[in-house]
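Look at Swiss-Prot and you will find His202, Glu284 tagged as Fe cation binding site.
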Amino acid sequence: MQQYSSKYNKQAILLANLGTPDNYDTKSIKRYLKEFLSDPRVIEANPVLWKIILNLIILPIRAKKNVHTYKTVWNKQHNKSPLLFYTENLADKLDKKLDNYIVDYAMRYGNPSIESKIKNLQDQGATEIIIFPLYPQYSATTTATVYDEVYRVLSKLRWQPTIKGINPYYDNKFHIQTISQQIKEHLKKLDSTPDTVLFSFHGLPKEYFDKGDPYYCHCHKTYRLVKEELQNEYPNIDFELSFQSRFGPKKWLEPYTTVKLEEFAKQNKSVVVIAPGFSADCLETLEELAISEKENFIKKGGKEFSLIPCLNDSNQHVDMLYNIINEEICLKK
């Protein structure tokens with residue numbers, strides 16, 4: 001990140017993403033999962049009972065199991081997870097585009113932490129920090145916990161910076177246009193028109209929605225708006241929505257991505273999948289969708305499977321974030 005004089009640069013933008021292990025070894029994965037799955041926003045359960053289950057059953061099993069999956073998607077050239085690599089590059093590009101702002105990034109879980117980056121920004125002279133959670137759709141399990149951590153950090157500071165936040169952008173025109181254009185460009189590269197474009201969002205326990213989490217509604221709004229942008233141009237393509245990454249025995253938001261893909265496979269359909277809830281490619285897209293779901297889809301009789309990459313560190317993503325920020329806070333020139 002660029003270094004700025006505190007005398008002239010007092011506003012900063014902090015991009016926040018979910019997080020990642022430092023490496024793909026068991027110890028690193030276990031440490032990351034423990035922090036992530038210990039967040040009461042993520043797992044709503046009896047804290048004493050959950051702590052026992054987490055430490056004695058889940059962490060030993062999942063940490064070891066995930067070594068192979070993380071190793072499969074790891075960016076070995078830069079020794080970083082894809083999520084970290086793309087988020088870092090995204091922040092760098094946005095930093096270059098915003099001359100009058102310090103732009104940095106942090107992870108809610110793992111490194112670099114929100115606490116360390118707030119300190120770094122203050123050291124550079126930032127007296128106002130604009131928090132930008134890179135989750136288009138709001139959920140207490142993602143967006144809210146970013147702000148929980150921000151205010152936990154602030155509660156320990158004697159000199160607190162002013163904090164502002166960028167709203168969830170699930171229905172923002174710049175987001176909808178960018179996702180729509182991304183799908184169009186991908187479809188142009190294909191040899192034939194697919195039968196279906198499936199919008200796969202990360203899942204959520206249904207009881208969270210029943211308690212008032214708006215995530216389900218936000219996902220459907222994104223899906224509907226993008227569909228409206230595309231359906232006239234592609235009348236022969238079905239656009240559908242599903243939820244992936246179910247964890248545990250509870251009922252999650254439906255329909256499940258696995259179930260929908262198996263239905264399409266039995267009908268020998270060709271499918272294009274996009275995961276518009278993820279700002280950067282990660283385990284859930286590069287392994288779960290691109291490998292596991294694809295293999296199962298083909299095995300069950302599916303014709304063709306194509307995954308659209310996340311926006312990652314693309315110029316389109318940088319421009320989209322710039323426009324959203326400018327729309328919300330009227331960037332100083």
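Using the three backbone atoms N, Cα and C, a Cβ is placed for every residue, glycine included.
Counting only same-chain residues at least 6 apart in sequence, those with a Cβ under 8 Å from the Cβ of Glu284 (Fe cation binding site) are His202, Gln244, Ser245, Ala275, Phe278. A sphere of 10 angstroms centred on the C-beta of His202 (Fe cation binding site) encloses 26 other C-beta atoms. Taken residue by residue with DSSP, Glu284 (Fe cation binding site) is part of a helix.
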